[in-house]
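Annotated compositional bias 'Basic and acidic residues' per Swiss-Prot: 1-10, in sequence order. What Swiss-Prot lists as region 'Disordered' is 1-29. The domain 'Septin-type G' feature in Swiss-Prot is assigned to 58-330; the stated evidence is sequence analysis. Sequence annotations record features per position, and here Swiss-Prot assigns GTP binding site to 68-75, Thr102, 208-216, Gly264, Arg279 based on similarity to another entry. The region 'G1 motif' annotation in Swiss-Prot covers 68-75 and rests on sequence analysis. According to Swiss-Prot, the feature phosphoserine maps to Ser91, an assignment based on similarity to another entry. The region 'G4 motif' annotation in Swiss-Prot covers 207-210, and the record cites sequence analysis as its basis.
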Amino acid sequence: MSKGLPETRTDAAMSELVPEPRPKPAVPMKPIGINPNLLGYIGIDTIIEQMRKKTMKTGFDFNIMVVGQSGLGKSTLVNTLFKSQVSRKASSWNREEKIPKTVEIKAIGHVIEEGGVKMKLTVIDTPGFGDQINNENCWEPIEKYINEQYEKFLKEEVNIARKKRIPDTRVHCCLYFISPTGHSLRPLDLEFMKHLSKVVNIIPVIAKADTMTLEEKSEFKQRVRKELEVNGIEFYPQKEFDEDLEDKTENDKIRESMPFAVVGSDKEYQVNGKRVLGRKTPWGIIEVENLNHCEFALLRDFVIRTHLQDLKEVTHNIHYETYRAKRLNDNGGLPPGEGLLGTVLPPVPATPCPTAE
């Protein structure tokens, strides 16, 4: 080796002397809530507009069931709720000849459009409920119908050739009409709500509230709430499904006001220079949307304006999922039928349920 020149080393020797580089520490993630303007606009807020456009284009399903004895104004109230003739009143009949011998299920579909949004509404009526001398187990055909709609949706969901949007016939809401006796709930009322509250969103309402004084109405509402609590019956909105403190605060106010004491009417009258929906009595006009007269406006706002989407989500994520899990556990597999997947079911999405084509 020549003098004055540094000694050279081979690559192998160098690798022994130079240590392996240490891995770089992970770069900490930016904290949530950072100002997006510092990094540039992402566009995640457009999801709201995307959902709006899709809803405007396809519309959405809403299926409401009405249950109660005849003569409680079920059809009138539903027509008042949606300001349309969406439920047909039963024609006058000879009671001995025309009253159904068993509970019937009648579904009537309508499309209601408002502000460019289409709602595919189905009203499910239950003539014959509670009208017999012996009403034992008269809730069973109603529970059977509700479960049949879950089964229909389940079979579509696991089908290989499933549709992009599965037609949704599941019952999202059941209005249960309580007779305005002013005393207590009947055994039939308790039996129905005890069984059906496990499979559908039940909203109890006191029918024909104009037949009671304000004091009678207040006392009856408190008595009904107490009886439901004592019998372990939870109506919608269920406490266990409150998602946060804001939900709980809002829903507690609603639960304290239930059951809503309502009056329905499709007739208009002139009151103080304004046309209002109401019922004419010897004492004056009962205004349907006047909270001093009845609680129809509270029911309408609750079902349509604030909780409609939640009714659909609880149906899909709670009631349907409960049926789905039980159905598969009981049978040890998928429901029978052609073209069904032989593998594990896809997970239920935590999103609003699909709408009909």
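Note that Cβ sites are derived from N, Cα and C of the backbone, with glycine treated the same way.
The shown structure was predicted, so the numbers you read here are calculated from the model rather than taken from an experiment.
Shown here: features listed in Swiss-Prot, placed on the structure.
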residue : record           : DSSP (3 states)
Gly68   : GTP binding site : coil
Lys74   : GTP binding site : helix
Lys208  : GTP binding site : coil
Leu214  : GTP binding site : helix
Gly264  : GTP binding site : coil
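Sequence-distant neighbours of the region 'G4 motif' (207-210) (same chain, 6+ residues past either end, Cβ-Cβ under 8 Å): 68, 72-74, 77, 177-180, 217, 261-263, 279, 281, 286, 293-295. Using a 10 Å radius centred on the Cβ of Lys208 (GTP binding site) and all shown protein chains, the other Cβ atoms total 20. When pLDDT values are averaged over the region 'G1 motif' (68-75), the model yields 93.
Taking Cβ-Cβ distances under 8 Å and a sequence gap of 6 or more within the same chain, the neighbours of Gly264 (GTP binding site) are Gly73, Thr76, Leu77, Val78, Asn79, Thr80, Leu81, Val288, Phe296. The Cβ of Gly71 has fewer other Cβ atoms within 10 Å than any other of the binding-site residues Gly68, Gly71.
Listed in sequence order, Val66, Val67, Gly68, Ser87, Asp125, Leu175, Phe177, Ala207 are the same-chain residues at least 6 apart in sequence whose CB falls under 8 Å from the CB of Lys74 (GTP binding site).
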